[in-house]
């Protein structure tokens, strides 16, 4: 049991009419890890998750969760997996407390235990103040927290989080990350989807990059970033005429070719090692070149995609003219 | 905050829910605990939990009782005064024919609302969670229908009361009236499975409404609800006689007007049972497929 994968999916396929949303994706998630599925909107992340959660029929391939066949035993799978969706799947017409009590009762807890666990989760997720208020007064972050709390009632060993922090402000996002880490400390395994490399980097032990329904890479976040390349040092020069001189200094110091934007006097310098940023700055000062702005940019998801797939993350998929995510329509 | 006194938890356990919140989740134990389907008792508890949800929603949105309140008042009075003279010679002579008919019509209208509301409900995010939980697939369908029993009850009683106010004096007495209302509620609940099935099939709440109208109007007007079947052309009379609504109307008439449990009552109950036996499995199947 201990060496059994939490998720073992081979060759997963999902078709919506002529459109292949998921094209032979393999996912092997080990017990106790946070596994990230990274990809742009419409890559097939949500569809993959929904198939594994028995919310969509699997059209091809094979999937097991803790050794239980997803297609053959959906009822068992539903007892093992807690699902937190991209859109909070809680009842808008009930209060937070009523939601939790309902979900607890539905999962066979006695009325008294349902009440107790609802109180406990509300406290743990900082919702006790708002517990008896209508959900219409809840912020996006509160809804997400309630949604996550709803998935934890029976302490499932595997938790699916579909874009858990999309649309949250940075502070709430940080809190959500902490909560997710706690879950793993408790022994749960987490499969999460995200559009943000940063999030995958912060949370995931391993990451699969999905593009147009296919898995294009799978590795640790660090390895992925190395593969993609470096941070960029972005400089704005006080005097645009210094541009050529600055470029020479950079070439001499780093042996890298900077990208120049003469119109705005900007220099973008690839930075294999962030420590070298200081060398460049010192070199420029010694040459008497004034700087109006400085920033260091980390590789973005877009750059990951460019490197891995040869096209940008937000470039529409060929043959997909409908706005948004067509499979979400079909899934509902 | 709301540690109610009814909670039978011993006060010595401050964190009762998770059996030791610090204890680690054990996947192998979790797998061993799983069951392949919900037992009958679990299904019942789940259905009641869903009914509880529906009741909470009703309490918060009283406007959904509009049809249940208005239709009995309006239709009973309107039909009595418009058709009374033409069909039975006088309003008071028509009431024993009309009231059971209106009862059936009202029940069907409420059924329709059941289907439409289910469809609306299913489009909400929370149904994703219901589908992802290990619950019997029938529970999200049957739960709201149990809560709707209240709506059938209100509609039937109001219809009868309106009739009484206009001058209806049921010959079946109190027992007959109670019997008639109970049968109406049973019939409404059974026929609602047809509309629930439609609700799981249709693309939108509007289309459920549209299709339901097309089913409801022929079922009520091509029955003996408002006119005696004998006055109709032969082919129509033949349809009216097999229409289950006709049997329910006749049975309710027997109960209300004569206080008699006749064969019609038996046929009505059997008809209802057949409808449930056919449409409940269809609805559950179509709902599970939609996942």
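Placed from the backbone N, Cα and C atoms, the Cβ positions cover glycine too.
Residues or ranges marked as compositional bias 'Pro residues' by TrEMBL: B:8-19.
Under the heading domain 'ABC transmembrane type-2', TrEMBL lists B:63-290.
Summarising the annotation, TrEMBL assigns region 'Disordered' to B:1-28.
Among the features that TrEMBL reports, transmembrane segment is placed at B:65-88 (among others). Long-range contacts of the transmembrane segment (B:65-88) within its own chain (CB-CB distance under 8 A, at least 6 residues past either end) are made by residues 58, 94-95, 97-99, 102, 105-106, 109-110, 113, 151, 154-156, 158-159, 162-163, 166, 226-228.
The transmembrane segment annotation in TrEMBL covers B:94-116 (among others).
Beyond the transmembrane segment (B:149-167), the same-chain residues lying 6 or more positions past its ends with a Cβ under 8 Å from any Cβ of the stretch are 55, 58, 65, 68-69, 71-73, 76-77, 80, 91-92, 95, 98-99, 102-103, 106-107, 109-110, 113, 177, 180-181, 184-185, 188-189. The transmembrane segment annotation in TrEMBL covers B:149-167 (among others).
What TrEMBL lists as transmembrane segment is B:173-198 (among others).
Feature annotation from TrEMBL assigns transmembrane segment to B:210-227 (among others).
Proximity of distant same-chain residues to the transmembrane segment (B:265-284), defined by a Cβ-Cβ separation under 8 Å and at least 6 residues beyond the stretch ends, is recorded for 137-138, 141-142, 183, 186-187, 190-191, 193-194, 196-197, 199-200, 244, 247-248, 250-252, 254-255. Residues annotated as transmembrane segment in TrEMBL: B:265-284 (among others).
Beyond the transmembrane segment (B:210-227), the same-chain residues lying 6 or more positions past its ends with a Cβ under 8 Å from any Cβ of the stretch are 79, 83, 87, 97-98, 100-102, 104-105, 108-109, 111-112, 115-116, 194-195, 198, 202, 236, 239-240, 243-246, 249-250.
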